[in-house]
Every structure is written in C-alpha cells, then in structure tokens.
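Remarks on the structure that follows.
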Amino acid sequence: MGNVYSEYLSSSKVKEHYNYTKENLDTKETPSRQVASALIIILCCAIVVENLLVLIAVARNSKFHSAMYLFLGNLAASDLLAGVAFIANTLLSGSVTLGLTPVQWFAREGSAFITLSASVFSLLAIAIERHVAIAKVKLYGSDKSCRMLLLIAASWLISLVLGGLPILGWNCLGQLEACSTVLPLYAKPYVLCVVTIFSVILSAIVALYIRIYCVVRSSQADVAGPQTLALLKTVTIVLGVFIFCWLPAFSILLLDYACPVRACPVLYQAHYFFAFATLNSLLNPVIYTWRSRDLRREVLRPLQCWRRAAGVQGGRDGTPGHRLLPLRSSSSLERGTHVPTSPTFLEGNTMV
C-alpha cells in the first residue's frame, strides 16, 4: 500500500493508465473541442448563478427556513458545487490531463463524485421529509432544526467519504487490468459500488413516493388536498429529471464495468453522457422556482433590484422604479404538508 501512495505524485502515471485503457491519446485542442469546452463552461456558469440565487433566496427570507426549503437549499448547494466542479474538470481536461499527477486527477474526478453523492442524498432527505410530513402527518418544528442540519451535515460527510475513497487507496494504481476505461485511475469495483449505491438509494426514493401517493390518494387520507398533490408533483418532477439526466451516465459506467479494456468503443464517448447529466443541475432551480411563486419572486428579487437601480441611474427624472412587494402568502411547498379549510387561506395558493 505504501508503494501505491508513493505513486500519487508521479507525473507519468496518468499517461500510463490512459495509454493502457484508451485506443489513442488524441488530446489536440481542435476548434470544435474549444467551442464545446466554451459552451460547457458557459452552461456551468449559468448553473452556478441559478443555484446561488436560490441559496440567497432561502437564506434571506425566514419563510423558507423550514424542512422542505432547507433540503431544497442543500440540493441547490450541491448543484452549485457541481457546476464549479465541472468547470474545473473542463479546464483540466484535454491536453492538460496527461500532465496531472494522480493526486490532482483524483481531486478533479472526486469533486464531481462528491457533488453527485450530495445531490442523491438531498433527494433522499426530501423524500424522507415528505413521507414524515404527509404519510405520518407530522410537521417539523423549530426544535427540530438542529436535527435537520445534522442530517444535511451527515449527507455531506458521507459524500466526502464516498468520493474520497479512491484517493484513500481504492484505486487501480499498479493494477492496470482492474482499471475503468471511462475513469482510467478508478478501479472497476469502486465504480460499480458507487453506481449500485446510487441505484439503491434512487429505488428507495421511488418506493417512498409511491407510498406517499398511495396515502394521499386513499379515501382515508386527510392531507390529499390540491396543494399537497401539487407539492408531490414538484418533488417528483425533480426526481424524474435527475433520473432522466443521470441514467445514461449510470448506464455507461455499468457498461464500463462489464466491458474488457478497449472492447466497447462507445466508452470513449462517455464525456457526452456526463455533459448531458450536467443539465440536471441547470434544470433543478428552474423546476422548483417555476412551481412556487413565492420562491420565484424571492429568487428574482436581486435581479429586479439591479434593474430598478439601473433604471434610476439611467432615467432622466430620477424617478425610482416600482417598489418590490413583500411576500404576502406562505409558501406552497411548506403548506403542502397541511391544507386548512379556510377559504381565505386557500386563496393564497402559490403553486402554479
């Protein structure tokens, strides 16, 4: 094991592994590759900005300091960091890859695995919260904020450990025949383990939502109101988009485990599958801001303030723009856990 760790700073190891698993090492920066890299970086910058706006909205408004929004904020944080990780991955790809040391390569790829793990655990936390709040008809109170924060911290700790296993020793340095084709320094058993864990968690999430839908659709359910069903639709859309975006990447990793080295040419196009998976981090904030008027209003508030300030500076008479109206109704994402019969309350529905 000590010999393995001694190779972490070797400048030739990455090239050795890529030579073994790849048919060719064409890393020339062609115009098409430069355009593709630029588009990916622009996409990732949009991901960072979108999710940063969501985090600011959740942090600055006390209406969003509830279980549901804390978990959605955690999902936004993982998506934001995923955007940063993909930017770093893109900048350190191509011809730069072969100049990396193994420890630098592990940091590059591990950051993406950590953010992916955090997203999966965030989805699991949201599913558990929905099951507790709806199926069990229990609400999180302020005395449980510490418990929620501990759950979020635990999800990140597990993600760090899971993404850091290769740099801790579970890799294929010194064992070329055990190496992944898509990720040439990762051991195939590690890749299979990660995909299996994610698949089991996603299956558990789907099972929880099926259970929740059975409860709210049953004639005995007291919580089967329109707002509850709208909320379930929102979180189910988030889950469905995650599976849709990541299923091709998970499939290519499973194929990678099954295929002998250089036996499956499609594995050399894996970067397209992972680029498609990146869309998930772009779509998530669009989904839950589109579905909640309160959150959408709060997310757009900084942009409206900037526009108003620009209008004041550019206007001839200096007349300020329209004043931003405060949030008047409680969030439907939170109200989805309980539907009162008060007509006045029902008029405040913010779910679209």
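Placement of Cβ uses the backbone N, Cα and C atoms for every residue, glycine included.
The feature region 'Disordered', as given by TrEMBL for the ranges 13-32, 93-112, 333-352, sits at 333-352. Residues within less than 8 Å, Cβ to Cβ, of Cys264 (disulfide bond) and separated from it by at least 6 positions along the same chain comprise Thr181, Leu255, Asp256. Note on the domain 'G-protein coupled receptors family 1 profile' (50-288): its mean pLDDT in the predicted model is 86.
Cys172 (disulfide bond) is surrounded by 23 other CB atoms, counting those within 10 A of its CB over all protein chains shown. When the alpha carbons of Cys259 (disulfide bond) and Cys172 (disulfide bond) are compared, the span between them is 16 angstrom.
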